[in-house]
Structures are given as C-alpha cells and as structure tokens.
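Encoded as structure tokens, the structure appears first; notes follow it.
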Amino acid sequence: MKFMGANELREKYLSFFESKDHLRLQSFPLVPKNDKSLLLINAGMAPLKPYFTGLEEPPKRRITTCQKCIRTGDIENVGKTSRHGTFFEMLGNFSFGDYFKSEIIPWAWEFITETLGIPKDKLYVTIYLNDDEAYDIWTSKTDVDPSRIFRLGKDDNFWEIGVGPCGPCTEIHFDRGEGKVETVEEFLEASDADRIVEFWNLVFTQFDKDEEGNYNELAQKNIDTGMGLERIATIMQGVDNIFEIDTVKNILNKACELTNAKYGEDKDKDVSLRIITDHGKSVTFLICDGVQPSNEGRGYVLRRLLRRAARHGRLLGVKGIFLNEMVDAVVENYGEAYPELKEKADYIKKIIKLEEERFNETIDSGMDILMSYISEMEEKNEKVLSGAKAFKLYDTYGFPLELTQEILEEKGLELDIENFNKEMKEQRERARNARGESSYMGSEESPVNKVDASIVTEFDGYVNLELNSKVIVLGNNEEFKSELKEGEEGFLLTDKTPFYAEMGGQVGDRGNITSETGMAIVTDCKKNVGGKFVHYIKVIEGSLKEGQEVKLSVDASRRSNICKNHTATHMLHEALKEVLGDHVNQSGSYVDEERLRFDFTHFAALTEEELEKVELLVNEKIMTVSVVDTKEMSLDEARNSGATCLFDEKYAEKVRVVSVGDFSKELCGGTHVANSGEIGLFKIVSESGVAAGIRRIEAVTGISALKFMELKNNMLKEAASMLKCNEKDIAKRIAAQAHELKEKDKEIAELKAKLVQGAEDDILKDKVEINGVELVTAELKDVDGNSLRDLADKVRNKLNNGIVVLASDNGGKVNLVAMATKNSLANGVHCGKVIKEVAAVVGGGGGGRPDMAQAGGKNPENIAKALEKAKEVVELLVK
C-alpha cells in the first residue's frame, strides 16, 4: 500500500463522495447547537440529528463531512494505551431518504480498494445475521471474496438505542496479520487480539422500533457511515497506534522538545507524553470553537484536559508554562483543514497560558493540602479519603477531582466517591434553588419542538412591523390545539411573520396578534430546536384558531430601541478592534430594548483611557449619520470583502452582511437602525471580566444613555451636597477625608499595640504544664492579626519548652495563632495540628508549620471551648 498522510486521506475521502454528488460541509463546531443532550460533539452524525429526525430540511439529501469530535469517557485510559484519545476526526457520508444499501456498499468497496489501494486479501466484511439484502449486494455488486464475509449478531452489527429509528450495519475490517481466517470463531478471536481491526461502519437506518419491540419499516430510509480518520491513517501508514500517524507524531515530537523527554525509553514518561500530545490537541480545538475554562459543563472538560496535561508536564520536570507552545504544532498539522486554527492561534495560546498560570497556583496550594490529608491517612493506617475532604479540595481550592483520584491511585489509596457525589449534588441543589431554573422552550419532547419539518415561516420583518398571515400551528406545553381561548397561554406558528425570533444575542420581538375572533399578546418569539419561528402568546380576548387569518403587529417602540443597541454593538466591536488590536473577537452578546452586553477576547481590564477612547470613537461614528446597509452575498464574497465572521457560528452559503458606513462590516441576521444617527448617544456602563481572557462591556444608547447620564449627574450633586463642596471639588474632598481616616486608623492601631504591650506577663500567669511541655492559652478582645502574632511571639520567647495559643474576637471575627519553642517540637508539639482542631471549634479553618500556625473563624462565642480543645490536642501530642 502507498503511504498516505492524514491530511491527504481526509481530502481523498471528501473528494470521493463529492464525485458521488454529495454536498461537502465544513466540520461543525465542537459545541452543539440546539442540542441539550450533548455536552460536546462526539460523533460524525451528532450535528446532523435534526436532518435524521425530520426536524430540519437538510441542504441536500447527500452530505459528506469530516467532523471533529471530543470524547472523554475513557480519559483515564488516554496515555496508558496507544489507541485511546480524546480528540478524533470522523469521516462520514450521509443519505437522508435518498440512496441506500445498493449504492453505499459498492461505493465503500471502490473507495477502499481503488482510491486507497488496500489489498482485497487484507479485508473482511461483517453483516447483521439476517441481513440477506446486504449479503446479496456485497456478493453481486463488488468483487469481495464471499468467504471473507461473516454474519454477526445484534451486539456487533445492529445499531439501536432504545425505541425509535434503528437498523443493521455492515462493518469493514483490516487484517494486520498473515494468513486467512476461515470461521466466525477465528475472526472474533483475531479481532479480540487486535490483529483484525474495524475501520468503517455503514449503518442502514431502515426500521422504527416501537414500545412493544416491533421493528417497523421506515418510509424514509437513511444512511449514516463513520470512519475514524486516525484509524484508517494507522492502516495506510503501517503503524499500530494513533500516536505514530504523521500528524499526531509531529505533535508528540513537540511535546518531547518542550519537556526534554525522549519517547520510547521509559514507560511512565511515555504515558505523560501521550497525555500532553492528545490533550494539547483537544484543548486547542475546544478553545478555537469558543469553549472557555470553567468549573462546569464543557468548560470543565476543557479545564480538566488542560490541567491534566499541565500536571504531566510537571511529572516530566517542566517547571514553568509550556502547554501554550503546543498550539504551534497543532496549527502546523491541522491548519490547512481547519483555517480557524491559524486565525485564532494567538488567542488560543493566551487562554492556555492564563489557565496554566492559574493552575500552577492552584496545584501548589492544593497539593500541600492533599499531601497533608494523605499523611494523616498514613498515620491512621486509613486507605480511603473522605468525600467531604475531596469536595473541599475541589470546591474551595479548585483542585480537580480527577487529579485527586490519580494521586491517590499512585499512592495505593482510594476516594469515597459516593460521598463526594453526595456533596456535589447538595451544592448543585443549592445553586439550582438559588437561580430558579426554567426551560422556556420546554423539553425536546414538548409539542413546540415536534412541529413538522415541512412547515416554513417566511420572516418579513426587517422593514415591515405589521402584516397579515395565516395560523398554521397552535399548541401549549402538553399538546397541539385547534384553538386557544381567552386566558390560555401557548404557542403559535404562521406562514409569515414580522416578529424577529431570538437569535444571535438579540432578544425576540413582542407585540400582538389579532383575528376576527380574538386577540393575543406576543410575550416572546423564539426558534424551536428545528429552527421554526414560534410566537409565545397569551390570549387576552376571545380566541385564536388554527387556519385563521390574523394580523401580526410588532411593538415598534421596543423594536426601535433593540435596533439602536444592536447596531451600537457592531460599532463597539469595531471600536474595540481599533483601540485594543485585531485580537479582539466577539465571544458573546446580548441585546434587548434597555441595554447591550458584549463579551470579547482580551487579556486585561481596560484602562479608563482605553474605555474613553472606545466610547468617544463610537459616538463620533454615530454623529457621522452613516447609512446602515445590508446586502446578501455568498460566504466567500463576505469573507473576501473583509466582513467580520464569528468563529463559533455555522453559516449558510448565502449570508447577510451589515455595514455601518465604512466603519463596521459584519455578518448578521439581526435588525438594525437605518443610519447611525438614530442611535443618538452611546454610553459604557461597566467593564468586567467573565472568564480567562474574556472581558465584558455593558452599555446603553439613546434615551437610556441620557437617563444614565442624568442619574450620574444627580449622584454627583448628592455627593457634593453631603461633602459640602462644589461638584468639581468632590475628588479632592474625598481624598482629604480618606487621608484623615488613614491617620485615625493609624492612631487606633498604635493605641491597640500599646494596650497589648506588656500583656504577656498577665497571659503567662495562666501557664500550665503537660508532660514537661508548657502550654499558654488566652482570649483577647479587638486585637488584629498582626498584633496577635507579635504578642504570641513575645510570649513564646519567655517559654523554656512550650507552646502558646492565642485567640481574639476582632469585630465578630476570630483570629487564632499558635507558636512553639523549637525544643518543644521534639516532644511532639505541632502548631499546625493544634490550630486546625482549634479553628474547627470556632467555625473556621487554617494550618501551618510545626513551630507556627494561624487560622480564622466566625463563631467568637466558642473561643473558650476552642482553647480547651487546644489543651486536649497538646495532651495527645506530647504523651
């Protein structure tokens, strides 16, 4: 066989199916759109589910893709084996009610044996036990040796998940060994031994399984095939694992270079290098597709992968930041197929660098705490770390659960995962109750998401805010209805509408719908999971009926304010690019009638000067009264014209480009003002950080901006009145008062210090002796942490062989400190252990070294009990 690189294989596959009249689609982003069942895209067909289910019409009945995928189910095996990985590419061709078995089987054989040139005597085919049709096609329409076809049962060659669409499949296998297998038993044995490997699965979706277990023929039969690019690359390159194929090997070589480790010489180092290679690739693609590190959802998947790779870098001796340098190797090997990697490389590097820096801080503190837990377990001869302690590490210190588990496993210890999950569940319940979760659009099973795919609503609301239409669907949360009556709430679809459905960060329109028999208010307009325009309504008079002619009227004043904010968002985006640099890209937005919110990529808080420049630039462009122009063009034309595209969006071939004079040009389907002058005024309300490398600006326009300025002005007047000065002197007056307060605080601190001075002699009067070790405890009032440490140090200096534990109620908060003489340590004294137990009594925590430790608490009423606890702990330590 001729050697073929992974990039060449990808192109050959897609070109082959293009020659069979398939539409080639670019890979969908890893973040699913309108699919709450998936965290990340994990299969080639996953983003095409709406086409298979009939919720959406496909752009063509024949489609081919190379879909990037992430799977983390076997993450614990990644690195330990040579075939597990979290990132992979799935080659696929799909038919939605077009061709079926008699076409795809010979095409598959043609591609494998002719295009790729794989020897026929190295191939085997499996089919479902009873699929005679597939057997007949294989033997009549290809020249496969019939003795190389094996029939297998449901577990191997039938695809189904519960009830619903399902069907048999045929799989194509490659034999890495010598000789021929003659029987099913020999075939299965060779497969189990990894001598024979499956590399292409052709699924024939031809049945609909009902609740009774009956398999009913589908009217529309589909084809869904999947061939892992990495798997076929191992075959075409004559290697036996994914880390040896050209693209991945190049990235692994980069990992070796950055860690100064050699691959193939040490088993443990090889594991670390494979983890860094795989995870470095995954995090690059995830960040490119808009995922940000966080503690939940897909953001946590990213954080987990990144931190796992960073830790294995440390195991290889890397001291500083290095993972961001892996991006170059990923871009070099995947940049031609995924050009967005090249465009976002600098941004990806910065996000990784920020997260790795953050992790280095986390891992240092977290490792200290975990190792102290492990030391305690070893002292007590315990083998299981409590779930509560692991959860505290995770929740309070940001230490990843998986890292805790890995380190425990390395030490031969276990984790009480059941109680960890219990703690996690309780925390999620608290969070859920706090935010009051709701699902506005209902579940995928609700009627609103079961509207027939053939129903189409024409949007005619860019200019028209009122038009006549016909009701084609009515319903509520439980069922479709022919009529909705006064007082009832539900949803309504029409054949055309002026109502904009929430999309691209812009909220949906509100308004009303009237007919001869009644009237309803439109509380919102959204698209369902199938992309249909859905009007959410409440009938306030009479009734609305299916099939009726109705008049739809958008709230014009509200729409006008939304348009001002949306156009201003585009102008803000461009202004940020001009002031901060081209690395600025939209990360999210929200536009309603009151304000706008814009999230963007940047790596530091904006200075006051930068904010002023951005605000001034937007207002200058508003004053030019530039025409806001919209044009439809092809995606390539839009890109070539310099229009800004969002990396995580999937665009159609025809796109809408919105331009504000010669200042801003973006792809956008939203509604806008006719000219920039309509915005009137733009005012930034706030600037903040929302994630690593992501900043957020909130702003107002028009009358809202004037009201905001008026509010600020009134606040200034009120402040001037309270300070008894002119508005222009407010800053000076505040600075003067701040200086006065600082001086008074200094005087108070000096007075407190004088009160504490000399107190050590009084404290020493209560000294007790425990097995030859002196113990001094005392409760004080209104002594800050620094003064308490100074006092403890003075008391310690007057001890021969002992420990002092002091506690202070300082404004309702407890300060604790323990100090011990060096010779007392030999008697078993350990301040860190003492203070930990003492702090728990006052509702706090802390720790430290054997000779000095400090902590805090929130229950000063328990200080006396805490000091009694100190005595108990010292008695145990110095037995």
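Placed from the backbone N, Cα and C atoms, the Cβ positions cover glycine too.
Listed in Swiss-Prot for this protein:
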BINDING   HIS566, HIS570, CYS668, HIS672  Zn(2+) binding site
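Reduced to three states, the DSSP call for HIS566 (Zn(2+) binding site) is helix.
According to its DSSP assignment, CYS668 (Zn(2+) binding site) is coil. Surrounding the centroid of the Cβ atoms of HIS566, HIS570, CYS668, HIS672, where the record places Zn(2+), the chain contributes additional residues within 8 Å, namely CYS563, THR567, THR569, VAL628, VAL658, GLU666, GLY670, THR671. Listed in sequence order, CYS563, HIS566, THR567, HIS570, VAL628, THR630, VAL658 are the same-chain residues at least 6 apart in sequence whose CB falls under 8 Å from the CB of HIS672 (Zn(2+) binding site).
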